[in-house]
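To keep things clear, I will list the structure first and then write my remarks on it.
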Amino acid sequence: METLKVDLGERSYPIFIGEGLLGNSELLVPYIAGQQVMIVTNETVAPLYLEQLKTGLEGFQVDEVILPDGEEFKNASSLDLIYTELLKKRHNRKTTLIALGGGVVGDMCGYAAASYQRGVDFIQVPTTLLSQVDSSVGGKTGINHPLGKNMVGAFHQPNVVIADTSTLRTLPERELSAGIAEVIKYGLIRDPEFLSWIESNIENLLKCDSEALTKAIFESCRNKAEIVAEDELESGCRALLNLGHTFGHAIEAHQGYGKWLHGEAVGTGMVMAAHMSRELGWLSSDEYTQVCSLVEKAKLPARSPDNMTPDDFVEYMSLDKKNLDHRIRLVLLKKLGEAVITSDYPQDVFMNTLSSC
Ligand SMILES: NC(=O)c1ccc[n+]([C@@H]2O[C@H](COP(=O)([O-])OP(=O)(O)OC[C@H]3O[C@@H](n4cnc5c(N)ncnc54)[C@H](O)[C@@H]3O)[C@@H](O)[C@H]2O)c1
Ligand SMILES: O=C(O)C(=O)C[C@@H](O)[C@H](O)[C@H](O)COP(=O)(O)O
Ligand SMILES: [Zn+2]
C-alpha cells in the first residue's frame, strides 16, 4: 500500500492507495469520530462493493442510501434523498458520511456532508479511475445546475481517502479512458516527466495493468495534493487543475449531463486549450499534435460535438466560476508541462479555436 498526505495543517488527511483496501477496518475506523455512519453509493456500485465496505464497519450504526446512477442525477433531488435518509435514521452531528463510488457520488456525498446540520465528517472511497486520481482528493464538492457544471457546492475536505485499486477491474473501458484524461492533465500542467511516462505507458493503462495504474494514481494524487496544500480554496494555482475544463464543462452542459463523460469533455477541452496555445505561439505545431495524439491514443474524443456552435460555447463559458470582470479566464499551456491562467488573449484567437476544433 502507498500513502500520501494532503497537508492542510490540523485538517491534513491521508490518501491510501493499494489493492484490497476496501473493508480494511484499520484504515477506516480511526477516521470515524462517532457511532453513526451513512454510506452513500449508487445502484451500480452497491451490488459490487457495498457488502465488502461494510465488513470494515462492525460495531457502528451503518445506514446506506443508494442513488440512481449518472451525471444527470448529480442534482438537488439526489441530495435530498441523502438528507432524508440521514434524518429518518436520526443521524446527528457526529455522523460520518462515506462516499462509495465515482466522482458523481463523491461530489454529492461531500456536499451533503458539508451542509447536513451545517457540516459533518466524510470519507472518500473512490471506485473509478477518475475519482481515484482526482475527485476524491481536495475537497471540491457540489452538484450541477442546468445552466452550468458544479455551480452549487462547497469546499469540504474528507477525513481520509481510501483508493482500492482492485475495484478498477470492474470498470467499463470508456470510464477508464475518462479517468486517463485527468491523468494526462497533471502531466500537461506541471509534470513533464510524468507526461513522458504516460506517453510510454498509455497501452498499459488502457489494458488495466495494475502496476501502471498504481503509478498513475500515485503521481496524480501527489500532484493534486501539492496543489491543494498550496491553494486549497483556488485563489491561485489550483485553477490550473481546470485545464480543458472551461471548454469541457460547456460541452457537458450543452449536450445534456451524462451524454459526454466528464473525462471525455476534458480530453477535447485539453485539445482546444492546446490549439489556442499554439495559435498564441506558445506551443509548436508538433507539440499540439503530441497533445492530440495522446488524447486520441487514450480513446478520448479530440473534436467538439458537431451540433455545438462557437456561440454555444461562449454562452456556457461566460458563466464559468473562474471568470473575472466578465472576461472568460482560460487555462492554457505555455509549454508541455507548464500551464498558466489568463483572460488576456485576442478574442479572434479564442473564436478561431472554438470554430476550428
Ligand atoms: N471534486 C472534484 O475535484 C472533481 C474532480 C474531477 C471530476 N469531478 C466530478 O466527478 C464526476 C465524474 O466522476 P466519474 O468519472 O467517476 O464518474 P461517475 O461517478 O459517474 O462513475 C462512472 C460510472 O462508473 C460506475 N462505477 C463506479 N465505480 C465502478 C466500478 N468499480 N466498477 C464498475 N462501475 C463503476 C458508476 O456507477 C458510473 O456509472 C463528474 O461529475 C465531475 O464533475 C469532481
Ligand atoms: O480539484 C480541482 O480544483 C479541479 O478543478 C479538479 C477538476 O478535475 C474537477 O473536474 C473539478 O470538479 C472542477 O471544478 P470546478 O470548480 O471547475 O467546477
Ligand atoms: Zn475534472
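Just so you know, glycine gets a Cβ as well, placed from its N, Cα and C.
TrEMBL entries are annotated by machine, without manual review.
Here is what TrEMBL says about this protein:
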- 69-74, 103-107, 127-128, Lys140, Lys149, 167-170: NAD(+) binding site (BINDING)
- Glu182, His245, His262: Zn(2+) binding site (BINDING)
- 65-177: domain '3-dehydroquinate synthase N-terminal' (DOMAIN)
- 179-323: domain '3-dehydroquinate synthase C-terminal' (DOMAIN)
Cβ under 6 Å from ligand 1: qualifying binding-site residues of Asp69, Glu72, Thr128, Thr170, His245: Asp69, Thr128, Thr170
Pairwise Cα distance for Thr170 (NAD(+) binding site)/His262 (Zn(2+) binding site) [Å, integer]: 19
Filtered binding-site residues, from Gly103, Gly106, Thr128, Thr167, His245, whose Cβ is under 6 Å from an atom of ligand 2: His245
Which of Gly103, Gly106, the listed binding-site residues, has fewest other Cβ atoms within 10 Å: Gly103
Closest of Glu182, His245, His262 to Gly106 (NAD(+) binding site), Cα positions, binding-site residues only: His262
Under 8 Å by Cβ from His245 (Zn(2+) binding site), same chain, sequence gap 6 or more: Val266, Gly269, Val331
Cβ neighbours of Glu72 (NAD(+) binding site) where a neighbour is any other Cβ within 10 Å: 14
Lowest local Cβ density (other Cβ within 10 Å) among binding-site residues: Asp69, Glu182: Asp69
